[in-house]
Amino acid sequence: MLFGWGDGSYGQLGSGEEGASQPVPLRCNPPAVGGQEVALVACGERHTLLLLADGSLASCGDNAQGQLGRKLPAGRQRCYLAEPIQALEAQTIIYVSCGKEHSLAISSQGKVFSWGAGGFGQLGTGTLKDSSTPEKIDSLSMYNVIQVACGHYHSIALTKDGRIFSWGQNSHGQLGLGKKIPSQSKPCNISSLAGIPLAQVAAGGAHSFVLSHSGVAYGWGRNNAHQLGLNQKTSKEQIFKPYSVGALRNLEVTYISCGDEHTAVLTKSGSVFTFGDDNAGQLGHNSSKTGPQKIDEIDDRVSHISCGSYHTLCVSASGLLWSFGRGPLQDKESSASESRQEERNCVDLNALLAPNELLGVQVFAGAYVNFVNIFQASASANAATSLEVLPRISQLDRGLIEKWKSAEIGSEAQQNAIREIKEIFSSPSCLTASFLQTRSDVSMDCYIPVNLQEAREVLKELATTDWIAQQICSSLLDHLFPALPRSSPHQEAFAIFLLIPECCVVQGAHEIPSLVLQFAEAVTGLSKGSSKILEKYWSLLPGPFFEQIVQMLKTCVSAMLPCYNHFPKDKTWIGTLEVLKKLYKVNMKAECQLQTSTFCIDEIAQKINLIGDLQRWKLQENIPEEEKLICFCHFPFVYNVAIKREILYYMSCVLQEYFEKKAYYELWDSRLRKSDLPEYPIFTLKVRRHFLIEDTWHKLSITEDIYLKKYLQVQFEKEMVGYGGTGYLVEFFSEVF
């Protein structure tokens with residue numbers, strides 16, 4: 001049953017009356033809508049949309065800008081009874097939202113229709129004109145939209161594959177596009193949120209919010225009253241790109257609602273936090289702090305919240321309705337103290353129904369009217385659940401996996417499965433949402449957001465069906481890798497980089513190299529800040545998962561070793577070595593989770609000429625980076641002990657020969673010039689037999705590095721120098737070791 005109250009002078013209550021100060025039963029006009037149950041309500045400043053359980057849409061209230069989506073009889077600009085929007089009769093509507101004077105509706109096919117005021121481009125049709133009948137937003141036709149939210153003059157949309165679009169007025173940065181433009185008449189993708197698994201979009205007067213599946217809130221737009229909840233020291237009055245609200249990060253937020261200049265959030269525990277403008281007492285607390293503050297007066301678990309322009313509604317699990325702020329019939333010029341005193345009310349909704357009939361409650365707050373939809377035991381299941389759960393982006397679940405595996409090749413079920421696989425495995429946000437980890441008590445900065453063990457098991461299961469594995473591989477290569485975030489300040493966006501290796505290793509041996517090369521290219525293409533976020537995630541990985549990434553990259557390098565001599569300028573696989581280098585450094589900083597030998601590639605000694613690689617490296621010391629050939633000497637951590645010993649021996653021989661020749665030429669030059677003789681290229685280590693180790697360490701500790709590149713001569717104190725000037729080398733090393 002739907003109840004409504006407030007200032008209905010424009011007909012926005014749909015009751016046929018001009019106003020009601022208390023909740024009264026409100027039914028849609030039976031002759032017009034067939035007595036259908038109401039599933040969702042959206043309120044503009046002076047108009048209302050009622051979404052019915054059968055997917056039809058009715059409207060009532062002011063129609064001065066065409067916001068009702070239908071024409072009224074001549075001379076009328078208001079409608080006091082809710083009547084269906086005939087232009088949408090062919091559509092099944094699943095979601096609606098209202099701005100100040102414009103409206104949006106989503107059909108079951110994911111198409112968005114808009115109507116009403118369009119002077120700031122808020123209709124998204126590419127023009128700045130009003131429209132009295134619903135028009136499909138063609139720019140979004142290629143996407144399946146699941147949620148929309150309207151501010152006063154701007155709009156936001158969330159798609160099934162996790163993209164987010166905005167359009168309309170941008171005078172305060174409420175579109176989140178990162179640039180100061182007056183308005184945007186067509187939907188534009190908010191690229192800075194790419195890769196984040198979003199659960200909800202919300203919009204206030206001139207500010208916007210999104211909520212991720214992990215419970216992280218991102219806000220942008222107008223912040224004159226601190227309605228974004230950002231740190232007071234760094235916050236500005238206008239924020240042009242999404243910022244993570246630090247004060248909300250560890251509260252496990254599940255729902256956000258925005259008023260004109262204030263915001264309320266509901267947490268998993270049932271608490272409500274508010275922030276922003278409090279001139280009318282709409283925050284529900286007396287705190288003078290500007291950040292998010294809990295409403296302590298509500299001692300019951302809250303199940304739903306909704307913000308009007310200058311008031312807030314909260315419904316508790318026990319059926320109590322709390323309201324804070326300025327009432328719709330109150331003079332706007334009333335003082336804040338009067339508002340708080342008169343408008344902090346609590347109504348027991350159980351009194352409106354017969355005993356034990358209250359099943360669920362949803363509240364909807366507008367500028368001057370409010371609605372409460374109460375589900376009774378006799379209400380249909382769809383009518384109840386459609387209000388409790390917001391439409392969500394695509395993600396894997398057990399039912400979907402079983403459906404894919406049981407689909408017969410060539411059947412319609414398989415074609416549907418292919419479309420679903422492509423949607424999930426082409427979208428970083430959808431794939432991340434499929435394996436999100438349950439939040440623990442630790443800070444978000446210190447935990448891995450995805451369940452890698454679950455991902456490993458599910459992906460292995462899917463890979464056992466050939467056509468599913470092939471579709472996953474092609475989706476990754478053709479769509480997911482190009483869509484990966486490269487530069488984002490939001491750490492949530494990079495959880496996908498932890499899942500990709502799990503996707504790669506379950507593929508066949510033929511597909512793995514191409515997947516790994518794309519992965520390496522994406523990692524090396526990250527901005528400096530983004531790379532640090534990923535490296536932090538790597539440092540938190542359990543050993544087996546960290547090692548799997550290392551082994552995956554090593555396998556790819558080993559497979560491409562035959563190309564070393566034939567294609568010395570082919571740098572497509574250098575990225576793989578660069579990523580290994582990053583992992584090696586992370587491993588060293590993380591107190592060596594893995595043995596350094598884990599990074600060694602033993603096949604190098606059999607597949608390439610080590611001395612040739614060393615010579616190539618030395619010859620390229622002064623060559624520009626982009627002209628250099630492939631050299632493993634740039635990545636010495638891949639060499640095992642045997643390879644390093646061979647290279648070290650060769651380099652020592654070369655250096656000794658160099659110093660010997662240098663000394664020879666300097667000797668002849670000094671004789672010709674009759675100058676002092678040059679120093680001979682021999683390093684003499686003089687030690688005592690009975691203090692061999694002590695003398696050796698002492699001598700080496702005070703010797704400059706340049707002398708260590710010369711020939712070694714060992715001389716025992718008070719003994720003759722050995723034959724050939726090399727002293728007692730063999731005897732020395734046998735004693736030392």
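Cβ coordinates come from backbone N, Cα and C, glycine included.
According to TrEMBL, the protein has these features:
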type   : residues : note
DOMAIN : 2-330    : domain 'RCC1-like'
REPEAT : 1-54     : repeat 'RCC1'
REPEAT : 55-109   : repeat 'RCC1'
REPEAT : 110-161  : repeat 'RCC1'
REPEAT : 162-214  : repeat 'RCC1'
REPEAT : 215-269  : repeat 'RCC1'
REPEAT : 270-318  : repeat 'RCC1'
For the repeat 'RCC1' (215-269), residues assigned helix / strand / coil by DSSP: 3 helix, 25 strand, 27 coil
The repeat 'RCC1' (215-269) [mean pLDDT, rounded to integer]: 92
Residues of the repeat 'RCC1' (110-161) by DSSP state, where helix covers H, G and I: 3 helix, 23 strand, 26 coil
